[in-house]
């Protein structure tokens, strides 16, 4: 499966989030815990959908043939011959495709995975969209940053727990009731990948029932709302984080007086009121700039959501200025990725200059290697990789992972022996012997450098994540909070998360040099042009992330204008009060 198709399948998660605007509008005015429970239920359903391909197609004949129950000499022989690389001379026989092989190109499994992602997107939209506003409305405003940070921290532990569950499931054979004749170290091993989805689906259903029990308002929040039916907006020396009717400020309408009362009315959602609410939210410039920043930031970097405690009461100016600073550092780091690379280990037959491919040479011209599948072998002494044992001219198999009498290897040794004293000391046994798998170059130092830079980048960006959420919540009226969250999810999904995987999948595919073809169907990419991959991938990301910084700067300017307007109003008020006194 090419990366472009994979990107389309994964975008199903984000396509469904376009519905977030409607879901947030009705869910925000309804019984939010029940809507949250429905979202978790959708997530559980997506897990069960992922199991359907296993129920339809089963483990496959190759996996069954490697079990004690299906032990048959002819089956084992056929399976082994398929798994091992072809030797010289090759048979050059036409590929045999039975019904099961043709099923590998079926669209049904891909459609099921896409549907699963679509359903999961609905579930995550309901849970995170309404869940964050429910948390913000039922806690002290000073505690919201800490609780949101704790929430994001738990989200980062999820993948770690998922890896542990995946490890436990994949240690079991794909059919746990059968007894495999191979170990989990064998490359033909297939683990019980489907079992983890069943476990996750059941756990999510349990949590959905627990969330549905929560009340519409927590007791403390309900008591507070009864005691204080009217919310007053107070303008002091510095800008409060909550700005009343931000759209009016930007349209240069008169600011509300300090004594003006804002009556929060409970209303039932309706399609008639929806356009008015949507217009009010979309006219908020800080919200839109913050959302555009998120769009380009996600496409350009796809940052991880990590945790850093923040107990300082935030203000929009400080939050936005810190986001600009952190983003600039991340932008520089993104450009630095272009220059980080591992030791290049080319394949014999691929030109390192023009990337022209010609695997047929004088040493393997009589081996009939055309049509042999990509199964790289490595001559460890000269660190030379060959497309397959057949292309290396190997005529016999020493064991499951070593092949001997490789004529192409001997030619290379002879050509380079005069320039390399280490090759002159090799025994005849190691001269013409190759090992299954590609040669691996040194990559420890570049990897450590990359991890260190990524840690710094993600740390800086994660510190501004909570601030971005709070700015969106505080720059709109309380009754528009859920709709604003829906607008954010819709914009980010529509312009970032949906096209992002597709665009990058297309970019990755352009860097592929060797594709796998089976029964006329294109499969995975076996070998990439690593330099082209690195340059195009990182330069594209850096360019888009630069656009993200521009939108952050605009949001910072907009907030600065609002603060200046408030400061002028406050100064005029102080002067008027002084005149009245004297």
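The backbone N, Cα and C atoms fix where each Cβ goes, glycine too.
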Have a look at 77-98, 231-252, 253-274, 319-340 and point to the one annotated transmembrane segment in TrEMBL.
319-340
Looking at 487-507, 508-528, 529-549, 550-570, I want to know which stretch TrEMBL calls transmembrane segment.
487-507
DSSP assigns the residues of the domain 'Kazal-like' (357-407) as 1 helix, 12 strand, 38 coil
Segment-level pLDDT (mean, integer) for the domain 'Kazal-like' (357-407):
83
